[in-house]
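Enquirer: Below is a structure I'd like to ask you about.
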Amino acid sequence: MSQAYIVLIVMAVMIVAMVSDKFDFGFAPVAACTILVLTGTATVQQAYGGFINNNTILTAGYVIISSLFARTRAIHKLQAFLLKIQKGKSGLTLFVVLLLFTVILMTVMEPGPATLLICLVLSTLPAGGGIPSGQMLLPLASMVDISARKIPMGMTMVYVLALNNFITNAGFSHTVSMGTWIIAGAVPLLVAFVYSLIAYRVLPKKELKIDAGQDQKEQEEEATDNLKSWQENLIYISFVVTTIAMFFTNQLGNIVYVIPLVGIGLMYFCNIISFKEIREGMSSPIIYLLGGMFGLADIMAAKGVTKMIGSALQGVLGNNSSIWVITFVFAFAATVMANLTGSNMGTTMILTPIAIAVAVASGLDPRAAGLATVIASNAAVIMPMDTAIGIAVAQGHYKIGRTFVYTIPLTIIYITVVAVMCCVLFPA
């Protein structure tokens, strides 16, 4: 049996284990990595490399910074502000505001940090104030992924340039303009927004508790009282600098990922946080989830699993399909692959040129299939392989099986609208 098939089997068992909710959160991905090492399919470096992934390091630091920020008086002021928005109105009003906040946030931030910031905001909401915060978290995290890559700036430009490069390399002279990119994503985004306002009710009613490795709610009042003004100010500076730095990931490079750790180090020397708290935050369940998932994603790419899936699709479709069939098949295949691998960029780079090649071979305008594939590659909202959904599931303590009733219909509706929009914009 080839190593690619071994990886697929282990992945399937891991998914079943996660959906069953029989194991502690974060156990299944790490167990899957361990099994792949035992079978000789992956090296130790490949299997556990996810624990030193940039996003894992950033998440660990930001979770601790966020837990410290949650102890400050600013959180109480934020609570009062959110309550003022909601006063005399339904909880739906606040939910709309948070959804709009998420969409705007995703024009300048990456999914992981944005989701952590949303978790912090939700954790300030008092219990019994309308829609439970835990009921809003998954829809907001899903909106994080769906809102991403809609405005061609920052990292999104990489996707736009890659798509147009694939199109021209396939021998087609016309490319996708910036305006068309925005239009193709705007309508599906609006549909997902409306869906969120209706379908959140299917999720369990629960309040959100930030998991930083400790019983934070029990200690919050005491910790707030014990903080001196200069200590609070240092927490504010660390939090603000860390958050603003995430807006400039392209300019700052690798420095962005360790800025939270620098802040934590300063606060440790200033006796604001103990080493025990740092250790507990670094070993929270979300770190095991992300470390395992990122390792699995790298193994799948290294062993040719994603390429194998792409080649199989090309073989099934052949060279005589309509642009509608090609677009729908590759759009749904892209979101499935992104959900299973957790690699949006990897899915884009593998499936997009294949979708374009199939369309060109059939004598069709390849832009619809290519654009739909790229957009769908960034809509991994079903499985916690994706950073945003992984953070939401871990911080919200969701049972994965219970989330499918929300995420699967959302995915089907969203990808369908994406495919239709692309085919309408670029009819063959």
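Just so it is clear, glycine is given a Cβ too, placed from its N, Cα and C backbone atoms.
Because TrEMBL annotations are produced automatically, they should be read as predictions rather than curated entries.
Values in this document were obtained by computation on a predicted structure and should not be read as measured data.
For reference, TrEMBL lists these features for the protein:
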type	residues	note
TRANSMEM	6-23	transmembrane segment
TRANSMEM	54-70	transmembrane segment
TRANSMEM	91-109	transmembrane segment
TRANSMEM	115-141	transmembrane segment
TRANSMEM	153-172	transmembrane segment
TRANSMEM	178-200	transmembrane segment
TRANSMEM	255-274	transmembrane segment
DOMAIN	259-423	domain 'Citrate transporter-like'
TRANSMEM	286-302	transmembrane segment
TRANSMEM	322-340	transmembrane segment
TRANSMEM	347-364	transmembrane segment
TRANSMEM	370-392	transmembrane segment
TRANSMEM	404-427	transmembrane segment
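Buried or exposed, and what's around them? Tell me for each listed feature.
Expert: Outside the transmembrane segment (178-200) by six or more residues, the chain places 92, 95-96, 99, 103, 131, 135-136, 139-140, 142-143, 146-147, 149-152, 160, 371-372, 375, 406, 409-410, 413-414, 417-418, 421-422, 425 with a CB less than 8 A from a CB of the stretch.
Away from its own ends, the transmembrane segment (347-364) comes close to residues 159, 162-163, 166-167, 169-172, 306-307, 310-311, 313-314, 317, 319-323, 326-327, 330, 333-334, 337-338, 341, 370, 372-374, 377-378, 428 of its chain (Cβ-Cβ under 8 Å, at least six residues beyond either end).
Only residues 6 or more beyond the boundaries of the transmembrane segment (404-427), in the same chain, are considered here, and those with a CB under 8 A from a CB of the stretch are 138-139, 142, 146, 180, 183-185, 187-188, 191-192, 195-196, 199-200, 202-203, 323-324, 327-328, 331-332, 335, 365, 367-369, 371-372, 375-376, 379, 381-382, 389.
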Enquirer: Ranking 54-70, 115-141, 370-392 by the number of C-beta pairs under 8 Å to the transmembrane segment (255-274), which range is first?
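Expert: It is 54-70, which has the most Cβ pairs under 8 Å.
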Enquirer: Between the stretches 6-23, 54-70, 91-109, 153-172, which wins on the count of C-beta pairs under 8 angstroms to the transmembrane segment (286-302)?
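Expert: Per the Cβ count, the answer is 54-70.
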Enquirer: Counting Cβ pairs under 8 Å that are 6 or more apart in sequence, does the total for the transmembrane segment (370-392) and the transmembrane segment (153-172) reach three or more?
Expert: yes
Enquirer: Taking a Cβ cut-off under 8 Å, which residues six or more beyond the ends of the transmembrane segment (153-172) line up next to it in the same chain?
Expert: 107-108, 110, 178, 181, 249-250, 345, 348-349, 352-353, 356-357, 360, 365-367, 370-371, 374, 378
Enquirer: At a C-beta cut-off of under 8 Å, are there same-chain residues at least 6 beyond the transmembrane segment (322-340) that contact it? List them, or none.
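Expert: For the transmembrane segment (322-340), the sequence-distant neighbours (Cβ-Cβ under 8 Å, at least 6 residues beyond its ends) are 11, 15, 300, 306, 309, 313, 347-348, 350-352, 354-355, 358-359, 362, 364-365, 368-369, 372-383, 385-386, 411, 415-416, 418-419, 422-423, 426-428.
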Enquirer: Counting only residues 6+ away from its ends, which parts of the chain sit with a Cβ under 8 Å from the transmembrane segment (91-109)?
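Expert: Contacts of the transmembrane segment (91-109) (Cβ under 8 Å, skipping residues fewer than 6 from its ends): 82, 85, 117-118, 121-122, 125, 129-131, 136, 139-140, 143-144, 147-148, 150-151, 153-154, 189, 193, 196-197, 200, 246-247.
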